[in-house]
Amino acid sequence: MGRLILEHTLQGHKGRIWGVAWHPKGNVFASCGEDKAIRIWSLTGNTWSTKTILSDGHKRTIREIRWSPCGQYLASASFDATTAIWSKSSGEFECNATLEGHENEVKSVSWSRSGGLLATCSRDKSVWIWEVAGDDEFECAAVLNPHTQDVKRVVWHPTKDVLASASYDNTIKMFAEEPIDNDWDCTATLTSHTSTVWGIDFDADGERLVSCSDDTTIKIWKAYHPGNTAGVATPEQQTVWKCVCTVSGQHSRAIYDVSWCKLTGLIATACGDDGIRIFKETSDSKPDEPTFEQITAEEGAHDQDVNSVQWNPVVAGQLISCSDDGTIKIWKVSE
């Protein structure tokens with residue numbers, strides 16, 4: 001069994017911290033929260049410290065932040081119904097664009113693999129796709145309304161322009177652009193959770209997705225493409241996503257976030273029971289019937305709800321978490 005070793009505990013935000021995001025280089029991260037501020041942290045020697053505080057972009061809580069794949073831009077989603085785009089053009093971070101259109105709180109933001117598309121979602125039940133049109137110019141490419149409730153999370157596929165969204169309506173939906181008419185369509189609806197789906201993340205090649213829910217389970221979904229060897233039917237030549245594994249019994253409350261490490265294959269969860277848990281695929285796991293085991297759990301990782309977890313994209317086994325308790329923690333998993 002593995003261990004979760006606490007390396008750093010960081011404070012600075014006032015109130016609850018909603019989100020953390022690693023820079024693509026892994027030596028910088030951003031955090032956001034109830035205090036309407038974004039903090040940029042960097043590592044000097046063995047010490048993490050706040051290098052920049054961005055406090056003039058939003059009027060309400062900042063729910064989520066994400067770096068662009070190139071690392072030049074930072075997007076922040078806020079309860080003030082806007083998404084801000086920040087860049088460090090003149091040595092200092094500044095807000096270059098504010099994306100407006102959602103009617104209510106923006107809950108999540110995600111950059112596509114190329115950095116050419118941005119997705120946002122909101123309590124207004126919609127998912128928006130924005131095209132990066134040039135220097136600080138963003139154009140709305142699609143407004144998608146297949147969800148019947150608040151949309152909690154959007155995440156782009158790691159290798160294709162395919163978007164996944166998770167909602168209070170208990171479903172996950174997939175979106176792709178029609179090659180003929182260039183319209184964005186919902187291509188799949190994933191149903192198995194019995195309550196709100198809070199978080200989703202793809203594995204390294206995007207052939208599987210992990211989801212976490214208010215129903216206290218995590219689920220593994222697998223993509224079956226037209227002509228698949230398993231004989232899974234694919235109506236209208238669309239990829240079908242099937243739930244191939246449900247992991248239950250480890251979490252006692254809602255699971256608010258899940259992160260699938262692209263380097264190690266480990267899965268981390270952030271839970272409303274103040275815990276962080278790490279799961280690993282078993283050695284005898286089958287492709288169409290995978291099995292996962294919990295390798296370690298930090299039951300009291302934080303003093304209150306854990307809101308977000310994210311694996312470092314460069315440093316294998318390093319995990320960051322944040323919580324309602326106002327702290328950020330950096331952990332190392334030893335298997």
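Numbers here mean position along the shown chain, with the first residue as 1.
Each residue, glycine too, has its Cβ placed from N, Cα and C.
For 12-51, the entry in Swiss-Prot reads repeat 'WD 1'. Computed over the repeat 'WD 1' (12-51), the whole-number mean pLDDT of the model equals 98.
Among residues of the same chain six or more beyond the repeat 'WD 2' (57-96), those with a C-beta under 8 A of the stretch's C-beta atoms are 18-25, 30-34, 36-38, 40, 102-111, 113-115, 118, 120, 122, 136, 138. According to Swiss-Prot, the feature repeat 'WD 2' maps to 57-96.
For 101-140, the entry in Swiss-Prot reads repeat 'WD 3'.
Under the heading repeat 'WD 4', Swiss-Prot lists 146-185.
Residues or ranges marked as repeat 'WD 5' in Swiss-Prot: 192-231.
If you look up Swiss-Prot, you'll see 250-289 marked as repeat 'WD 6'.
According to Swiss-Prot, the repeat 'WD 7' annotation covers 301-335.
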The recorded stretch from 12-51, 101-140, 146-185, 250-289, 301-335 sharing the largest number of CB pairs under 8 A with the repeat 'WD 5' (192-231) is 250-289
The answer for the repeat 'WD 1' (12-51), taking Cβ pairs under 8 Å and residues 6+ beyond its ends, is 57-67, 69-71, 74, 76, 78, 86, 93, 304, 307-308, 310-315, 318, 320-328, 330
